[in-house]
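In TrEMBL this protein carries:
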SIGNAL    1-23  signal peptide
DOMAIN    25-95  domain 'Wall-associated receptor kinase galacturonan-binding'
Amino acid sequence: MTTLEIIITFSILFFLFPNQTSATCHETRCKAKEPWVRFPFQLLREGQDLDCGYDRGFDLSCSNHHKRTILTLPSSRDFIVKDINYIDHIIWIDDPGSCFPKRLMDHDFSLVDSPFSYFYGLESYVFLNCSSTSREEILAPSSPIDCLSSEDYKVIAVQSTWFYADLNTSSTSLRPLAQTSLSSLCSVISTAMIPLSGSFDGWDLNFGVRLAWDMPDCRLCEASGRLCGFDVATTSQVVVCSGLSNSGNVSRVIHTTACETIYTI
């Protein structure tokens, strides 16, 4: 076989049997203006290889009607994905019913068996039902939660340490005015651990919750303009950083395992 015949044969084979990862593990999204989905996440849809994500905890899907990006947490059902920051390892989620505080108040939110953690941490809050109380009468460092309140009652959430501080003191004159007002006008619905928002107020769930992930650690790879993914040259699930960096260098920089990250220069 001549050199020309060999080149033609390999060219035909390349187009007929392309690299599986490059052909099927591509960046995709549910629709325009939805977050782009790539490794370590994978979008479960027709034409996408089921081995494109790091593990099942990073599986995303598209909602049936509005084609919103959905994250299903094992212990807490579905959430809308508003944004994914691949450099800082942050995924921003919200409640499909636009009332995240209700999920927390009802203890219907958990990260058990998921690869995520709370980006800003947690703090204990008390949910209070302040029935037949006007907004002006409620002396608290928190506004009523609109999606839980109505004209007949207001639901607010305050820090547990703030609410319970000095409430057992025998003299009401020693209690802060706001605590005295709340204890007499409101009843406790529940106490829950609230994901903090990083804002000055501590929490603001009107805009969802930010979660973080640690593994696989692709932060340096993403920051350099490259992409993480499984190494198709091996049968083991080794994560590599590949592509052109911002400086134009071809990279195969990091090999990430479940135990360690090794940088190869």
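A Cβ is built for glycine as well, from the same backbone N, Cα and C atoms used for every other residue.
A TrEMBL annotation is a machine prediction, not a hand-curated record.
Looking just at the domain 'Wall-associated receptor kinase galacturonan-binding' (25-95), the mean pLDDT is 89. Counted with DSSP, the domain 'Wall-associated receptor kinase galacturonan-binding' (25-95) comes out as 3 helix, 27 strand, 41 coil.
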